[in-house]
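Let me begin by presenting the structure, written as structure tokens, before commenting on it.
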Amino acid sequence: MADPIPLTVEFTGGLEMLFSDQRKHKISIPGQDEDGSASNVAYLIHWLCDNLMKDPRKEMFVLDDSVRPGVLVLINDSDWELEGEANYELQPNDNVVFVSTLHGG
Amino acid sequence: MPSSEDQKAERDDRFRANKLCQIEIAEASLRDLKKELEDFDSAVSASGPDETADHTDAFPLVPDAEAKTDSQSSEWPLSSTEYQRYGRQMIMPEIGLRGQLQLKKAKVLIVGVGGLGCPAAAYLAGAGVGTLGLMDGDTVEVSNLHRQVAHATGRVGMSKVDSAYEYLYALNPEVNYIRHSFHLSPEHAISVFEQYDIVLDCTDHPTSRYLISDTSVLTSKPLVSASALKTEGQLIVLNDPPKPPGDLFGGPCYRCIFPKPPPAESVLSCGEGGILGPVVGVMGVLQALEAIKVLTRRSEAQGRMTDAEPATAQPVKASLLIFSAFSSPQFRTIKMRSRRADCAACSAKRVVTADSLSSGSLDYIAFCGRTTPVDVLDAQSRLSAKDFAQLPRDDQRVLVDVRDEVQYSICALPGSINVPWTGNADSWLSKAQDKGVMEDDQKEKYIVCRFGNDSQLAAKAMQQQHKDFPGITKDIRNGFQAWRKDVDPSWPDY
Ligand SMILES: [Zn+2]
């Protein structure tokens, strides 16, 4: 069994409303998913829905198995598209930020 | 459906507005040219035939003392008032005379003269950009004034563009202001953008954000885009450098970062979600700053904008600034991607073209989706605010207010019970249960909210829970908006 992975996840741009109105969460997720693969961001998104999100409006966070359009995922201050997107394998103490884009002005 | 005559009339109006705006721009540059010639002529007559050499290089000849007192402006690239006005920024190496002249030459378009556009326009006008275009189709409302700093109490009802013009002209009359008192539309977007060097997106909706980005790519203009809501803001400089579509060395566009629009129901406006004035102000000021940086960039840095790319050049990545007023740290800069090889607007595979844009075949409203007003109840389940006001207040009926706690604490009707709508029937019903709303099945239940949308959803949830007592739950049509209009004009209009 792989060791659990401690992470900091943050929600901003309004997404914090879906996570008990709290922006920053220190969590620890299993080191492997159900199939024994190293935990990646896709697995983290599922895990957050199942374990951290109390709000029933899942569609405000996920759509078609990934984050909904208009949500950016930032891994250690980089857009996840630069890090392999959902396939990025999480490392201990990674900082993962979920940002909903704003449109007001 | 609008009739084809309506559509034609609308097209004609747009065409006319478009031509008027082009005329205005052409007249403004004509005025500039005449002024330059006038200045030149007076310089020639003041200095005599032998001293009319070109003084625009970095070391203008020092004029003799007499000429200096007579007509300073003739010998120097800026007028004496301009040196005084811009001196504090010109003595910094980042700007210098070079940068000030670049600003003076620059034409900047601000789309949206609201919470972002007002401070952005103020700082750009203050900094001495040569031409400042203002575009907005709205009029000033009292609820704008806590953040839209170029407007004023005395100008409520005036067009935002005219109101901002008054403020900006008083701030700096040296700037050439161009007023576009209409909303941006795909048909005329290109012809307006073509007249400028850089564009600031200060609008408040995804539809305009995609339209502005697409037009910036098609007209090769760098775009400074910002947004704000509640206590947070975001800023990104796009299409910088503004390479032609298909050139991966150009900066990414809005569609590279956000290929798909967010679901319409996830988009909150400042009116719905709230906005803290200084938060949107910070973002607008930062837009002005980024525009000044782009406009005054030194030629070395601009080297990458020439066609000869150094062999080691990397595609340009954008960077997103996130401001969160109540978080620590407040500011955070995120490395974003470069151009997307399959972007719909800026790649070789693009589908957004000048033709598809100006023909109106790109439907931005349909692309971003619309939220339709909630309408889930039958007519018998809805009661007007007036009718509700006639009902006796006794223990036969209960009023459930589904606004959030903050709004409820601003104003509430005596005896009402606050059960904020949670977005979900089951979780809301269990909260209603906790507050004792469901104790007596036979009591009439009236549901109210700010505008009459959430109250319908909550009433529907309640009706499904109380199937045995049809007609016992009603929603108050148009909520407290109607209450203020038809029953109690003193109800706070927040
Ligand atoms: Zn693009």
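Cβ coordinates are placed from backbone N, Cα and C, and glycine is handled just like the others.
TrEMBL labels come from automatic prediction, so no person has curated them.
Taken from TrEMBL, the feature active site, glycyl thioester intermediate covers B:CYS270. With a cut-off of 8 Å between CB atoms and residues at least 6 apart in sequence, the same chain places B:GLY115, B:ASP204, B:ALA228, B:LEU229, B:VAL280 near B:CYS270 (active site, glycyl thioester intermediate), listed in sequence order.
If you draw a 10 Å sphere around the CB of B:CYS449 (active site, cysteine persulfide intermediate), it holds 26 other CB atoms from the protein chains shown. The active site, cysteine persulfide intermediate feature in TrEMBL is assigned to B:CYS449.
In three-state terms derived from DSSP, B:LEU145 (ATP binding site) belongs to neither a helical nor a strand segment and is classed as coil. The feature ATP binding site is assigned by TrEMBL to B:GLY115, B:ASP136, B:SER143, B:ASN144, B:LEU145, B:HIS146, B:ARG147, B:LYS160, B:ASP204, B:HIS205.
Annotation source TrEMBL lists Zn(2+) binding site at B:CYS253, B:CYS256, B:CYS343, B:CYS346. Under the DSSP three-state reduction, B:CYS346 (Zn(2+) binding site) is assigned to coil, being neither helix nor strand.
According to TrEMBL, the coiled coil annotation covers B:16-43.
As a whole-number mean, the pLDDT of the domain 'Rhodanese' (B:393-492) in this prediction is 91. Annotation comment: TrEMBL describes B:393-492 as domain 'Rhodanese'.
Rounded to a whole value, the Cα-Cα separation of B:CYS346 (Zn(2+) binding site) and B:ARG147 (ATP binding site) is 34 Å. Checking the recorded positions B:SER143, B:LEU145, B:ARG147, B:ASP204, B:CYS270, B:CYS343 against ligand 1 with a 6 Å cutoff on the Cβ atom leaves B:CYS343, in sequence order.
Highlighted in sequence order, B:SER213, B:VAL217, B:ASN239, B:PRO252, B:TYR254, B:ARG255, B:ILE257, B:ARG339, B:ARG340, B:ALA344, B:ALA345, B:SER347 have their Cβ within 8 Å of the centre of the Cβ atoms of B:CYS253, B:CYS256, B:CYS343, B:CYS346, the residues recorded for Zn(2+), and are not part of that set. Contacting chain A by the Cβ rule (under 8 Å between Cβ atoms), the binding-site residues B:SER143, B:ASP204, B:CYS253, B:CYS343 reduce to B:ASP204. For the recorded site, B:CYS270 (active site, glycyl thioester intermediate), the DSSP three-state label reads helix. Helix, strand and coil counts from DSSP across the domain 'Rhodanese' (B:393-492) read 37 helix, 16 strand, 47 coil. In this structure the residues listed as binding ATP are B:GLY115, B:ASP136, B:SER143, B:ASN144, B:LEU145, B:HIS146, B:ARG147, B:LYS160, B:ASP204, B:HIS205; their two most distant Cα atoms lie 20 Å apart. With a 10 A radius on its CB, B:LEU145 (ATP binding site) counts 15 other CB atoms from all the protein chains.
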